[in-house]
Amino acid sequence: MANLGYWMLVLFVATWSDLGLCKKRPKPGGWNTGGSRYPGQGSPGGNRYPPQGGGWGQPHGGGWGQPHGGGWGQPHGGGWGQPHGGGWGQAGGTHNQWNKPSKPKTNMKHMAGAAAAGAVVGGLGGYMLGSAMSRPLIHFGNDYEDRYYRENMYRYPNQVYYRPVDQYNNQNNFVHDCVNITIKQHTVTTTTKGENLTETDVKMMERVVEQMCITQYERESQAYYQRGSSMVLFSSPPVILLISFLIFLIVG
C-alpha cells in the first residue's frame, strides 16, 4: 500500500508540474498580431470602409437600419419588438414566458421511506431499523408448518432492529440481540392492532427474524469493513501528501 502511494505521488507530481509549466509559457502571437488590420479594424483613426463588413449604414453586418444583424427595427436579431432575439414581448427570451411547465413535486412518501431505513429509532436506545427484505423460504420439517408459513408469512416482520456491528464482539451476539428486540417490537405492534400470535406463529417468526438478522449482520459488516479500508487508505502519509500537493496546485 505504501509503495503504491509513493508511485501515485510521483506520477501526479510529474503530471501537474508539466501542466503548470505549460500554463506559465507565453502564448505565441498569431497572424497579423499587433499590426494594422484591414479593413478598418486597426487603431481608432484607421480608414474603415466598409465599416466591419456590413453595407451602407450597417454597423455590424445587418440590413438597413439593423445595428446587429436583425430585421427591420430589430436591435439584436430578434423578431418585431424583440430586443434580444426572444418572442413577442420577451426581452432576451428568458422573461415573461407563457405556459412555462411547473417543476415536478417531490414525493414525500418516498423521502420518508428512504429516511426510515438505517435511521436511529427514537425510544429504542440507539437501535436502527434495517431495510425491508424478502421473507426467506424456510422448511420446518412437516407439511403442516410449511403450509402454515406460506399462508401467514405476511404477518411476520420484513425489517429488523439492530445496533451498529462495532458494538458487538461477534455475530452471535449481534443476531441474538437483533432477534429479541425485533420480536418484542413486532409483538407489541401486533397486540396493539388486536391480533393474537399463536405458539406456531412465535416459532416461525423466530426462524424468519433470525435469518434476516444474519443477513443484516453480513450487510453491516461489509459496509463497516469498506469504511475502515477507506479511512486507512486516505490516512496514509503518501496519500495525505499527494492530496495536499494537489490542493496547492489548484489554489496556487
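Heads up, the Cβ atoms here are built off N, Cα and C, so glycines get one too.
Per Swiss-Prot, Cu(2+) 1 binding site is recorded for His60, Gly61, Gly62. The feature Cu(2+) 2 binding site is assigned by Swiss-Prot to His68, Gly69, Gly70, with similarity to another entry given as support. Sequence annotations record features per position, and here Swiss-Prot assigns Cu(2+) 3 binding site to His76, Gly77, Gly78 based on similarity to another entry. Swiss-Prot lists His84, Gly85, Gly86 with the feature Cu(2+) 4 binding site, giving similarity to another entry as the kind of evidence. The annotation compositional bias 'Gly residues' is assigned in Swiss-Prot to 52-92. Annotated N-linked glycosylation site per Swiss-Prot: Asn180, Asn196, in sequence order. Residues or ranges marked as region 'Interaction with GRB2, ERI3 and SYN1' by Swiss-Prot: 23-229. Residues annotated as region 'Disordered' in Swiss-Prot: 26-104. Marked as region '5 X 8 AA tandem repeats of P-H-G-G-G-W-G-Q' by Swiss-Prot: 51-90. Annotation comment: Swiss-Prot describes 59-66 as repeat '2'. Under the heading signal peptide, Swiss-Prot lists 1-22, citing similarity to another entry as support.
Ranking the glycosylation sites Asn180, Asn196 by how many other Cβ atoms lie within 10 angstroms of each Cβ puts Asn196 at the bottom. Each residue contributes its Cα atom, and for Asn196 (N-linked glycosylation site) and Asn180 (N-linked glycosylation site) these two points are 18 Å apart.
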